[in-house]
Amino acid sequence: MNRYEKVGLTKEEYKRIVEGLNREPNDLELSMFGVLWSEHCSYKNSRALLKLFNTKGERVLQGPGENAGAVDIGDDLAVVFKIESHNHPSALEPYQGAATGVGGILRDIFTMGARPIANLNSIRFGHLNDERNKRLLKGVVNGIGNYGNSVGIPTVAGETVFDDCYSDNPLVNAMSVGIIRKDKLKRAIAQGVGNSVILVGHTTGRDGIGGASFASCNLTEESEAMRSAVQVGDPFMEKLLLEACLELMDKEYVVAVQDLGAAGLTSSSCEMALRGGCGIKIDVSKVVTREENMLPEEIMISESQERMLFVVKKGYEEEILKVFKKWNLNAAVIGEIIDDKNLTVTAGDKVVGCVPVELLGDGAKATLRSYRRPKYLDELHLDIDSLKRVEDLNDALIKVLKSENIASKEWVYRQYDYMVRTNTIVRPGGDAAVVAVEGTDKALSLTVDCNSRYCYLDPYEGAKIAVCEAARNIAATGATPIAITDCLNFANPEDEEVYYTFRQAILGITEASKVLNTPVVSGNVSFYNESNKTRIYPTPTIGMVGLLEDKNKACTIDFKELGDSVILVGE
Amino acid sequence: MKAGVIVFPGSNCDIDAYKVLEKLNVEVKYIWHDEKIDDEDLIVLPGGFSYGDYLRCGAIARFAKALENINEHIEKGKLVLGICNGFQILTELKALPGALLRNKNLNFICSDCNLIVENTDTPFTNLFKKGDIVNFPIAHGEGNYYIDDEGLGELIKNNQIVFRYQNNPNGSVADIAGIVNKRGNVLGMMPHPERAQDKLLGGEDGLVFFKSVIAYFKEV
Amino acid sequence: MIKAYIDVTLKKSILDPQGTAVKKGLEKLSLYTEDVRIGKHIEVLLKEDKIEAAREKIDEMCRRLLVNFEVETYSVRFEVIE
Amino acid sequence: MIKAYIDVTLKKSILDPQGTAVKKGLEKLSLYTEDVRIGKHIEVLLKEDKIEAAREKIDEMCRRLLVNFEVETYSVRFEVIE
Ligand SMILES: Nc1ncnc2c1ncn2[C@@H]1O[C@H](COP(=O)(O)OP(=O)(O)O)[C@@H](O)[C@H]1O
């Protein structure tokens, strides 16, 4: 195997790196390119198409591109939200995979300065007659519950779906929603030569090394052997990190904040510098490590959880360290902003790597892949008249109610603390959840939806239907839909037929979101959800936020009184 | 009357407890885990996952600085209320007998929950009538109250059982949801009265509970 | 240095639903057992180099923090590490 | 009959938040350690009377249900019970 293949790069990509650097990259640099140019970090297969989304609207304060999107809800407040996948880790270790998924999305919200007020999740498995699927479901629900419950953020809504196509590739999409005063929105833009870079939160270990590139490969027997790819979450640490960060967020000396997700220190430092058009210098010897003798490259790409990167004005480092100390968290000054546009990595005084920020962060070519209408679409047809007549309707009704996809999901959501912080007006079990916005008369209505079978049958219409279903759920609580976030779960994009469904789904979402005036403000793409046996249905999960001006008017789904009229509306 | 809500790292119902007391015009403040408690009339140990609830729920919180003088506080006759994680901490402290084990079904349970008021002769329940049914939500993974037969006999003899579950959700011995110490000034309970503070959020039975405390201090 | 291996288990008289669940889970895989009980395994590395001293320290840790004697008991093994 | 004592622990390179918290908790009591790691302790009672057979069965249980090799490893001891 070639050097570049080991880190998941192609020959062509390697050539571009050598040209960009004017030399061969050393091992550290190559690893950084490997993780950042992976699909998971670079969105190289989706970026070009994501541009098609409808992202503008009078309420939009922050569209896609930041840690999370932000939308104006009046009263000087903004709602900040995003959805994210943690599919592959959850297939390997359902409990930790799902838990760290929740941890990651929460950090995306509070890096923007917002206090998370609610979590949602969309989870999909193979049918429950299989013991493994049952274990996956139990582990995932346990992981989502435990993490959210411990941090003290109510998990208020979601969806739980079963289909054979998810047997080898369960889907775990986690969404989080936060509130912030709109003038306090933080952005992750590194600025100001000489300003300090501070790493805070958990210690850095070898766990999760290679996680990002891992998330971009097909699930094969080999990945089962890539042991270190699983990370362990520590919700307790996250809770402390959340409180400490929010305590600092409105300080004027905090220039920028970014959480460490996929590709760890490499991606966070590079992205921040890229947005700020500056350079950044990191001294790995200053990083507080959990294990001895960690190599610079291990430190740079570790995916240890519950960590954040701060850029602060020179001279204010102590202020930051003091707050983190109070919360019993690590914090160390590990670098500074520099004026050349490089990411320079040192170990003490010795430079161990130096690459242009632009090449590393933006050099992975956005490819518009070729696509082809899948053959199966032409083969699908059903003659309704050929179906057998249902004789016993009672029996049929019971069968429908008993089926996994229709049956009550109380077993799931009862394991989530959906009431903590006493703002939950409409609880899970209805169409959408409603959560009060403290200090106002307003409430937010929240839901996630996708019928992936429809998307399989017609990716364009199916995606439109997902957006519309979400909007109906919101409307049914009395709220007005205002914006969406999306999680595009698909199979291998290098397959032209898969790429076709991906493209169609984006066009469908775009169309529906224009008509409903619910712009896309954030989202996530997860490819390679397939095994050598199965391929998931196209699954563009839609997370939607609605606004209710008067929280006392929230509607619930239950029939209220004997004698009330029941009216069916719509087409 | 003055109240203090202790905030451990990992507490997450601290705000809810504070909110309900504030709503009832009680002078209330937060007490950070490594500050000392002062002369508060009511100390609330809130729900949550103190110190991550690692090892056993409440095991590490018991050693917090804020709890150093808790025994003297109790001896003085001041009130201590432990809700959920707070109840777990109080049993770890041995301020209340017994222990809380994992729910019998092994899962975390969040839901509404009907309780039967067994004892109205406490500072926390004096506005209820014996046999009242109240709805305080539950949200816990380890709320299965355990005590041996002898201990149970003591609880019954001394009328220390304050709330019982109408439909035992977690396997607790004798359907016990909340108990007081012998003197009656320390109450531990798994259900959350502070979550039942607003009709819009599903009920306000909890207000009666906290008003009882206020009424108690008006008397003395 | 000395490594102590502490096993903390629920007292016999106390039901162990987790053990029961695992027993049933094993049966679904056609793996039959008479009984399964689940506890905690704690490994503590100590600077001490005499087992006697280590034992005293571990006992104190168990008494004060690691074990809740209302419902649990424990046993310890030691290993001397070079 | 044979009783198997299985200790399931997190792999070395994997973060053990519980162990870290307990180590800090012990320090508050002035009980100092070099390291604390926490795992599961599983006691399984088997009808088998040969250790060889028991070992095979336990290994299968670990492989199929008790241990997730992504993050954990295990060790077993056996005891013959009359
Ligand atoms: N994984 C989950 N997490 C939280 N709530 C869930 C989850 N799955 C289902 N729910 C809740 O159960 C209810 C029913 O869900 P669903 O069947 O998807 O509703 P609908 O089909 O009406 O949109 C909803 O209130 C939903 O929020």
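Note: Cβ is positioned from N, Cα and C throughout, glycine not excepted.
Just so you know, TrEMBL annotations never went through curation; they're auto-generated.
Among the features that TrEMBL reports, active site, nucleophile is placed at B:C84. Here TrEMBL flags B:H192, B:E194 as active site.
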B:C84 (active site, nucleophile) and B:H192 (active site), distance between Cα atoms, whole Å: 7
Chain-internal residues, separated by at least six, CB under 8 A from B:C84 (active site, nucleophile): B:C13, B:P46, B:G47, B:G48, B:A139, B:H140, B:G143, B:M189, B:M190, B:P191, B:H192
For B:E194 (active site), nearby residues of its own chain (Cβ under 8 Å, 6 or more apart in sequence): B:C13, B:D16, B:A17, B:K19, B:V20, B:P46, B:I83, B:G206, B:F210
Around the Cβ of B:H192 (active site), the count of other Cβ atoms that are within 10 Å: 28
